[in-house]
């Protein structure tokens, strides 16, 4: 595939903002999935409007992660609108650079941001399970610092790479903008920061949580008594483990392929589709991590069943005409 490098000056070839028809067609399925994902996310966030039960500090990492999902959806819709409605070449280098950087780098930044937010959630859960410590109330200043660090660190990591020339921007012959690392060492560094380190850290913390639950179950087993807190902790570990397996299987292919493959070949199309499917499922599988969402969903299901039953009863009632004496 032919491509040319994009530099921050006027010596680069004129960039085209509009996708080719073949690229537009390849994005149709992603568009459908993203529309469905937007609908699911909208329903999820409506819970905060109508149910004070889920307006809790302890859910801040879940909400932060879902905000990243929303930003990924907004990125896709923005690019799709711009790339399919702008039907001419543009001499405006700044405009084309902004569009290309959004297409090439923002997805990578948000995916890195998401995986470290999950790590923070996992660590907070471990502190709750193993040490019975509510970090959300006892250390609010540290939480603010962690939020800022998680947002800024990936941005600086990627920005410095572009600044010193370790990563560069290019546009391929299918009009897609991509970034690429100049050598294998930078690719390995990116894989370590974006994938290997956060995933290994999450697995380590999950292992600690599982080990703690098993040890406590063994100790309690000798006295034939399991407390409600231990049952709750066990359910937390199982829920997060199931969620993490599903999430990792859908999220990781896109992150890995990003470092090695560009363009719209079959592999990148599949991995990006999996990533969007994961975004669509996130409100369901992330919400399942907290019992408060389960309570709301059960209440909604009960109300829906009652409403459905009431309508059936009303339809079955027959009005018998009064007989004249």
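Cβ atoms are placed via backbone N, Cα and C, with glycine included.
Bear in mind that TrEMBL entries carry predicted annotations, made automatically and left uncurated.
Sequence annotations record features per position, and here TrEMBL assigns domain 'G-protein coupled receptors family 1 profile' to 29-286. On the 0 to 100 pLDDT scale, the domain 'G-protein coupled receptors family 1 profile' (29-286) averages 86 in the predicted structure.
If one looks beyond the transmembrane segment (29-50) by at least 6 residues along the same chain, the residues whose Cβ comes under 8 Å of a Cβ in the stretch are 66, 69-70, 73, 76-77, 80, 272-273, 276-277, 279-280, 282-284, 287, 293, 296. The transmembrane segment annotation in TrEMBL covers 29-50 (among others).
According to TrEMBL, the transmembrane segment annotation covers 62-82 (among others).
According to TrEMBL, the transmembrane segment annotation covers 94-121 (among others). Note on the transmembrane segment (94-121): residues 6, 8, 15, 17, 61-62, 64-65, 68-69, 71-72, 75, 78-79, 82-83, 146, 150-151, 153-155, 157-158, 162, 169, 171, 176-179, 193-195, 198-199, 201-202, 205, 244, 247, 251, 254-255, 258, 275 of its chain, located 6 or more positions outside it, place their CB under 8 angstroms from a CB of the stretch.
Feature annotation from TrEMBL assigns transmembrane segment to 142-164 (among others).
Within the same chain, residues 108, 111-112, 115-116, 118-119, 122-123, 125-126, 129-130, 154, 157, 161, 166-167, 233, 236-237, 240-241, 244, 248, 252, 255-256, 259-260 sit at least 6 positions outside the transmembrane segment (184-211) and bring their C-beta atoms closer than 8 Å to a C-beta of that stretch. Residues or ranges marked as transmembrane segment in TrEMBL: 184-211 (among others).
A Cβ distance under 8 Å defines the sequence-distant neighbours of the transmembrane segment (232-251), meaning residues of its chain 6+ beyond its ends; these are 111, 114-115, 118, 122, 125, 128-129, 199, 202, 206, 209-210, 212-213, 216-217, 274-275, 277-278, 281-282, 285-286, 288-289, 291. Per TrEMBL, transmembrane segment is recorded for 232-251 (among others).
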